[in-house]
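These notes concern the structure reproduced below.
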Amino acid sequence: MSFQYLPPNPDLWHGRSSSSKEYLHENVHCLALEGETSRLGSDPTGPGSDSAASKAKSAFILGYASDLGVARNSGRVGAAQGPEAFRSALAKLPWHLGSQQLIDLGDLTHQGDDLSGLQAGFSKIVMENIKAGNFSLAVGGGHDIAYAHYTGLSSAISPDQKLGIINFDAHLDLRLPGDAAHSGSPFYQISQDCKAKQRAFDYACIGVREDANIPELLNRARELDVLMVYRDALEDSLPRFEEFLANQDYLYLTIDLDGFASAFAPGVSAASPLGFSPIEVYPFLDRVLASGKLLGADLAELNPTYDRDNQTAALAAGLAHRILHKRKEVR
């Protein structure tokens, strides 16, 4: 397992000050991981247990500072700096959660071209913290973060429990990895892992566009029984989405920022003017948050190199703020 750990940088968490800690940066605790200590709590029973539910849980931020998978997928690089831009934008937002904790664990990046080593290390940290009853909020980095994040979440629960994947994205990301995994292959890799482990592969992609997927990928999605909610049929698809959520034990949410129209998200690895708006996907997001099943969420493809007036970083921060404040805790 080869990766580089980057401790959290307190200098990223700054903004207005208040007399009673009413801004997010005033409620963030930076915690550097040392040696084998990669876990916040000590509850061995994990999510869904009575003892886990009775303890105060922490949400933790873990960055995936890599765009190696984007480069392999012929995208424009720059997303390795996404986690830093995200923190700077999130820091300035208001905090409405009182004494609840938000922990910044820092970032992981790859060593050399070892993307699988980065994914394995990221997965291990996520797994240990989910088992301790905490909530995972991750930020990338390329969308290959999804394979690392899902693997960590799924390893923290029983193999017979269903972990549904919700991806807000124009792209299905079901490409074959070929010689090496990349940002376009995470959900195909997950499907193959699920097949090998005889685990259900339940995947919903919200915002699919035909101009963003070749026929091979659409056909593969049908073969894998993926719930495809097309960009031009969002409102009409809510009942099907609610049925999908009802059939899961737990949920994993991944938001690819390039699914949003470039008017909202210019700073991404693959921008398009034809994507969705935040308001259009809020009904889907809010149903996920109200489910009481969400173990972890991530935001991918934030690329500050191409951002305009930090607009995309602000979008990512606003989505994270909504997730942190509106999610119903897993019991």
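Cβ atoms are placed via backbone N, Cα and C, with glycine included.
TrEMBL entries are annotated by machine, without manual review.
Keep in mind that this is a model prediction, so the values were computed, not measured.
Here is what TrEMBL says about this protein:
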BINDING   HIS143, ASP169, HIS171, ASP173, ASP256, ASP258  Mn(2+) 1 binding site
BINDING   ASP169, HIS171, ASP256, ASP258  Mn(2+) 2 binding site
Chain-mates of HIS143, ASP169, HIS171, ASP173, ASP256, ASP258 with C-beta within 8 Å of site centroid, Mn(2+) 1: ASN167, ALA170, SER183, GLY184, GLY259, ALA270, ALA300, GLU301
Other CB atoms within 10 A, centred on HIS143 (Mn(2+) 1 binding site): 33
Assigned element (helix, strand, coil) containing HIS171 (Mn(2+) 1 binding site), judged by DSSP: coil
Reduced DSSP assignment, ASP258 (Mn(2+) 1 binding site): helix
Residues near HIS171 (Mn(2+) 1 binding site) in space but at least six apart in sequence (CB under 8 A): GLY184, ALA212, ASN213, ASP256, ASP258, GLY259, ALA270
CB-centroid shell, 8 A cutoff, Mn(2+) 2 site ASP169, HIS171, ASP256, ASP258, site residues removed: HIS143, ASN167, PHE168, ALA170, ASP173, GLY207, ALA212, LEU257, GLY259, ALA270, ALA300, GLU301
Number of Cβ atoms other than its own within 10 Å, given for ASP173 (Mn(2+) 1 binding site): 28
Other CB atoms, at most 10 A from the CB of ASP169 (Mn(2+) 1 binding site): 27
For HIS143 (Mn(2+) 1 binding site), the three-state class that DSSP assigns: coil
ASP258 (Mn(2+) 1 binding site): tally of other CB atoms within 10 A of its CB: 26
